[in-house]
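Read through the structure below, which is laid out as structure tokens, and then see the notes.
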């Protein structure tokens, strides 16, 4: 297939996302004010507690079965690799650019967490439905593509609401603590004995053993970080929905009861699907509304913004090609070109929209996130389209 034809196929779904994003930005304007800060806050809660879990559960229950879930085992590993590679590159970026401490979590999150949910659910079906699609029959392609995109969204949601959520929360808490306390005083949540012990530890570093001081400081940092991290977010609504959706999908009894037009409890699945359909437009509108802050002011360094774009649209996609080639060489991903296309695409996506939701929940780095997302999604119209076209070209 000609490269230009593939480019057109890849461009359409990206344009759909950008149009909805532009609508969200328009609704957030002061003259319109339909998506002001209060409205966005409530909509964020609906997305977090209702829309996204419903979308995850219904999509997985309908598309994942006991037969195909085994063949998809590499996808969670692939997504984990995108987070690991992105986190390492993001950590290098914050060290090079000397990013403020309270923004470390945000920058690393934008480098590591891609938009593994709604963009794939938009792009994959749209690519399958195009006449010149390189992935064969449109019906089979759409069915398999929805399963791949649903699993990607579910796994991505688990990683984001465990790893990314706690990282932004921890860095934000650290900033709040240091900004409200006298420097070098112990954290307020330490017990009284630990606070009294700090002067003695400082004295020992001068007159006694330096090694004991290092061990003590490590214990203090471990204690502080374990107190900051909310492990209950391991069971966020999206995580629970993932478990429920997979259980329904792989269990033949539950599947017969709930999935399908003839199922006696089909109304449950159809209701969840109806609620889930609101997740993608709602999240996209929120991103568009948040971009307004990025247009008004910029408090994040230009080199940080450039570095994030280079990582997301150059370093990660190139890393993804290497990973998928190695996996294909060792027979880990099978011969399905659509499956390989989804695996490659997971490395070339813009930053996850959920990051903006998390920064709003903790009120840390909101304007900085808006600036990053503004440039991230503006460049996505070109970068994502080019990478999508290239991936289809090498797989066709």
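Every residue gets a Cβ built from N, Cα and C, even glycine.
Some features that TrEMBL has for this protein:
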{"type": "TRANSMEM", "residues": "6-29", "note": "transmembrane segment"}
{"type": "TRANSMEM", "residues": "41-61", "note": "transmembrane segment"}
{"type": "TRANSMEM", "residues": "73-94", "note": "transmembrane segment"}
{"type": "TRANSMEM", "residues": "106-127", "note": "transmembrane segment"}
{"type": "TRANSMEM", "residues": "147-165", "note": "transmembrane segment"}
{"type": "TRANSMEM", "residues": "233-254", "note": "transmembrane segment"}
{"type": "TRANSMEM", "residues": "274-292", "note": "transmembrane segment"}
{"type": "TRANSMEM", "residues": "304-326", "note": "transmembrane segment"}
{"type": "TRANSMEM", "residues": "338-362", "note": "transmembrane segment"}
{"type": "TRANSMEM", "residues": "374-394", "note": "transmembrane segment"}
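Away from its own ends, the transmembrane segment (274-292) comes close to residues 17, 20-29, 35, 40, 43-44, 46-47, 50-52, 54-59, 117-118, 121-122, 353-354, 356-357, 360, 366, 369-370, 373-374, 377 of its chain (Cβ-Cβ under 8 Å, at least six residues beyond either end). Of the candidate ranges 41-61, 73-94, 233-254, 338-362, 338-362 contributes the most Cβ pairs within a distance under 8 Å of the transmembrane segment (304-326).
Under 8 Å from some Cβ of the transmembrane segment (338-362) lie the Cβ atoms of residues 40-41, 44, 47-48, 72, 74-75, 78-79, 82, 106, 109-111, 113-120, 123-124, 128, 135, 141, 144-145, 148-149, 152, 156-157, 160-161, 164-165, 168-169, 172, 283-284, 286-287, 290, 308, 312-313, 316-317, 319-321, 323-324, 327-328, 369-370, 372-373, 376-377, 379-380, 383-384, 387-388, 391-392, 395, all in the same chain and six or more residues away from its ends. Sequence-distant neighbours of the transmembrane segment (106-127) (same chain, 6+ residues past either end, Cβ-Cβ under 8 Å): 9-10, 12-14, 16-17, 52, 55, 59, 79, 82-87, 89-91, 93-94, 99, 133, 135, 141-142, 145-146, 148-150, 152-153, 155-157, 159-160, 164, 167-168, 171, 279-280, 283-284, 304, 308, 311-312, 316, 338, 342, 345-355, 358-359, 364-365, 368-369, 372, 376, 384, 388, 392. Stretch with the largest number of CB pairs closer than 8 A to the transmembrane segment (374-394), among 6-29, 41-61, 73-94, 147-165: 6-29.
Comparison of 6-29, 41-61, 73-94, 147-165 by number of C-beta pairs under 8 angstroms to the transmembrane segment (233-254) places 41-61 first. Residues 103-104, 107-114, 116, 148, 151-152, 155-156, 159, 163, 304, 307-308, 311-312, 315-316, 319-320, 323-324, 327, 332-333, 342-343, 346-347 of the same chain lie 6+ residues outside the transmembrane segment (73-94) yet bring a C-beta within less than 8 angstroms of a C-beta in it. Listed as Cβ neighbours of the transmembrane segment (6-29) (distance under 8 Å, sequence separation of 6 or more from its ends, same chain) are residues 35-36, 40, 118-119, 122-123, 126-127, 130, 132-134, 281, 284-292, 295, 377, 380-381, 384-386, 388-389, 392-393, 396. With a threshold of 8 Å between CB atoms, the same-chain residues lying at least 6 positions outside the transmembrane segment (147-165) that come near it are 52, 55-56, 59-60, 62-64, 68, 72, 75-76, 79-80, 83, 109, 112-114, 116-118, 120-121, 124-125, 230, 233-234, 236, 238-239, 241-242, 245-246, 338-339, 342, 346, 352, 354-355, 358.
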